[in-house]
Amino acid sequence: MGIAVNLVTYLGGTLHLPSSTSANVVTDFMGTSFLLCLLGGFLADTFLGRYKTIAIFSIIQTLGTGTLALATKLPQLRPPPCHGSHTCKQANGFQMGILYIALYLIALGTGGLKSSVSGFGTDQFDEKDEKEKSQMAYFFNRFFFFISTGTLMAVTVLVYIQDEVGRSWAYGICSVSMFVAVLILLSGTKRYRYKKSLGSPIVQIFQVIVAAINKRKMKLPYNVELLYEDTPETSRIHHTDRFRWVFQSTQSSAAIVGEGDLERNVGPAAAPNPWKLCPVTRVEEVKMMAALLPIWATTILFWTTYAQMMTFSVEQASTMERSVGGFQIPAGSLTVFFVAAILITLAVYDRLVMPLWKKWKGKPGFSSLQRIALGLALSTMGMASAAFFLVGAGEAFIYTGQLDFFITQSPKGMKTMSTGLFLTTLSLGFFVSSLLVSVVKSVMGGSNGGQGWLADNINHGRLDCFYGLLAVLGVINFALYIVSAVWFKPRKSKPAALQMDT
């Protein structure tokens, strides 16, 4: 966050890129960071495990921030200063290339780190222990609270150092901080709890799809007990009619025993070809993941709104009078209101709302679906009024709600993937922001001498119209989310401390 929140001013002020281009560089960087979480999750599930994934990719992120510190320090890696409105020279391909190498090393490190860190945190709790099960209910809020505390330091201390001391110093601090974090992580190696990886759920999903397509013309047996199942009874998920109108004759057919499917099933350790025959439990796990997709799709737009906090809101702040006495507040530091809203909301929710709700309803706080709804509603109101405190409060609810929802409502063996699925909503939100900016720039680019909604000089544009467009899209998206949340049926068997309303 210390890199992303003030990067747009560096791209415009030092590298002399246009306003919309600068915004898209930032959102593409953030989008790629979260999209790579799918790669990180795959490696954690298949080869490395969560702990090694976190350690390796944290080191990669450290290297990326160090490279960025060098890229902003060396004068050869940036264009000469601008001495007039018509003498600004944009950064050349080599200079932009070095910057992109640094940014996308950071993005790669972020992808591996974020995909596993929350899941590795929940691995430290034993769901069979009532005390630890209760502690897990508070984990997601406190996990995000500490992330937001780091963000608060980024938008205050680091942004000030970037503007007043030097960007290379600030990015150097980021690199050293990451190095210290790696050492702290390694110091706890002998005390962590480690859970064995069950293989890549992505491969398992494709196995179900391939087997189902190959058997799409086969009819289900009259008795579902005749479908193939080899999962131990304690971990078994029984056949359901979920998605009957879509999957009954396709997806569930992956568990139909056909001629020759069991020929390899000789001996206690043998098993049929998983690309031809899948157990009912695996088929039901794929159905469970598919059921998450409507909620997943309707939360993407929130992160499109969030993207404006690190792009146009910072550009907007740079045009304002920010002097308090003799102190000049950095433009990037105005997002402190956004971060403060997150911290205040999480603190009030954790210490006041959750205990009261537990006494009244017997449940520790709002359900994950209710928190997501609150987040979407507050963010839409925030765009409508440009009161970013509301967007910050919205993030406090939607981030914890999404994280809770995707982890608790996914199959046991697919929790790392579900975390990656959640993080792709952030990724796609940033990419949608880039696409939206490009479309608005093209369609509303201005005519008759005007500069359109997103002018290079923000005072000559109509940023209010752009925010209004996001508010309208937010209203439509919120309505779709309500329909999806009403349709969704939560899992019936889950830890008591993480129960949700049906």
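Residue numbering: from 1, along the chain as shown.
Just so you know, glycine gets a Cβ as well, placed from its N, Cα and C.
Taken verbatim from TrEMBL:
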type: TRANSMEM; residues: 29-48; note: transmembrane segment
type: TRANSMEM; residues: 55-74; note: transmembrane segment
type: TRANSMEM; residues: 94-113; note: transmembrane segment
type: TRANSMEM; residues: 143-162; note: transmembrane segment
type: TRANSMEM; residues: 168-186; note: transmembrane segment
type: TRANSMEM; residues: 290-309; note: transmembrane segment
type: TRANSMEM; residues: 329-352; note: transmembrane segment
type: TRANSMEM; residues: 373-399; note: transmembrane segment
type: TRANSMEM; residues: 419-444; note: transmembrane segment
type: TRANSMEM; residues: 465-488; note: transmembrane segment
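The stretches the transmembrane segment (465-488) and the transmembrane segment (329-352) do not meet in space: the count of Cβ pairs below 8 angstroms, excluding pairs fewer than 6 apart in sequence, stays at fewer than three. In terms of C-beta pairs under 8 Å, the stretch of 55-74, 290-309, 329-352 lying closest in packing to the transmembrane segment (143-162) is 329-352. Here the transmembrane segment (168-186) has long-range neighbours at 2-3, 54-55, 58-59, 61-62, 65-66, 68-70, 72-73, 158-159, 161-162, meaning same-chain residues at least 6 beyond its ends whose C-beta is under 8 angstroms from one of its own. Recorded stretches compared: 55-74, 94-113, 329-352, 419-444; the one with the most Cβ pairs under 8 Å to the transmembrane segment (29-48) is 419-444. For the transmembrane segment (94-113), the residues of the chain that approach it from at least six positions outside its boundaries are 3, 15, 29, 32-40, 43-44, 53-54, 56-65, 67-68, 70-71, 76-79, judged by C-beta separation under 8 angstroms.
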